[in-house]
Amino acid sequence: MMYRPDVVRARKRVCWEPWVIGLVIFISLIVLAVCIGLTVHYVRYNQKKTYNYYSTLSFTTDKLYAEFGREASNNFTEMSQRLESMVKNAFYKSPLREEFVKSQVIKFSQQKHGVLAHMLLICRFHSTEDPETVDKIVQLVLHEKLQDAVGPPKVDPHSVKIKKINKTETDSYLNHCCGTRRSKTLGQSLRIVGGTEVEEGEWPWQASLQWDGSHRCGATLINATWLVSAAHCFTTYKNPARWTASFGVTIKPSKMKRGLRRIIVHEKYKHPSHDYDISLAELSSPVPYTNAVHRVCLPDASYEFQPGDVMFVTGFGALKNDGYSQNHLRQAQVTLIDATTCNEPQAYNDAITPRMLCAGSLEGKTDACQGDSGGPLVSSDARDIWYLAGIVSWGDECAKPNKPGVYTRVTALRDWITSKTGI
């Protein structure tokens, strides 16, 4: 059989007339121009600009100023939440519902006939809007809609004043408030043992305590000059001159460093017992508050965190039992466990005292580990303000079933902190 290749037939070449080619190009250019025009129109009319305002509002209340004038107290939080809700409702009942982002009380000050609330107000308007017109509309909405606000407290709508501020000023005000942090959606985090690294500004109160330059424990910034940590961190290493505190999401390089002026260990702490496991460290000089470094809120002694509350523990500790500390800060989402469950025989068999709390998972999924000691266990309130609930203290290895992490209960020792620091 002879090999027979396929017959390839020549195709007739089709040539377009020049006017057809020109028409196709012309139509293509028109379509491209329309697409570009629509894109520019969309960007121009849909891009939004953030407007930040410093606002003041007068009000009267039956409560004494001393009851809510102290930042982060239960009464401060309650009063702030009421006023923020009033402002939110004012915008939600106006045509500016979609433009309103948030309001936040940053402090209160006394007046001769009442109290002045100092607030930050954040809105977003289309970039094509006239800035002066925006300012007038925001002021008008507050004046008109706050007249319908139902107290207590009783607000004076005509007292509202707003002043436009830039992002740097806004950040500065927020950074000087306790318990604020970078806005970030908190998904399900794994334990610090193999957990997730965090970004700058997520947990700005976290500190690393280092002895002769080596990380030993975590700590929490509670004001510009004081850290709170665990007492057992200083059992062997007592000389403050050899300790340093670093801040930021990495130990090396750090965002900033400070030496320690003095260390205060609770008088009732007796090693190797875990009870009263709390200490304070005074920094050699104050730290400036920034987006990356600022303080957590301390809860009132009377505040009660509830079993089942979702909390976060952070630290530079090991990824496994008897492992090495990490250079990058990690986080773990844990759940508060009631003391009765934690004191059961299969758990800690009545070893949990009123100065302790348990958090984690009875299945052993989440936990802190070596090197996390002294670090923060924090919980947020309805205003998304974060409070120090516990201090990493002890546990049976790391992430073992029925052996959740044990933390020093901050509310139980809140008065001791005040007695030593005035905070």
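Using N, Cα and C of the backbone, Cβ positions are placed for all residues, glycine too.
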Could you tell me which of C358, C369 is bonded to C342 by a disulfide, according to Swiss-Prot? C358
So of C342, C369, which of the disulfide-bonded residues has the fewest other Cβ atoms within 10 Å around its own Cβ? C342
Nearest to C233 (disulfide bond) in three-dimensional space, by Cα, is which of the recorded positions D277, C342, C398? D277
Sort the residues of the domain 'SEA' (49-167) into helix, strand and coil with DSSP and give the three counts. 45 helix, 44 strand, 30 coil
Fill in the CA-CA distance, D277 (active site, charge relay system) to C358 (disulfide bond), as an integer in Å. 14
In terms of DSSP three-state secondary structure, what is the assignment for C358 (disulfide bond)? strand
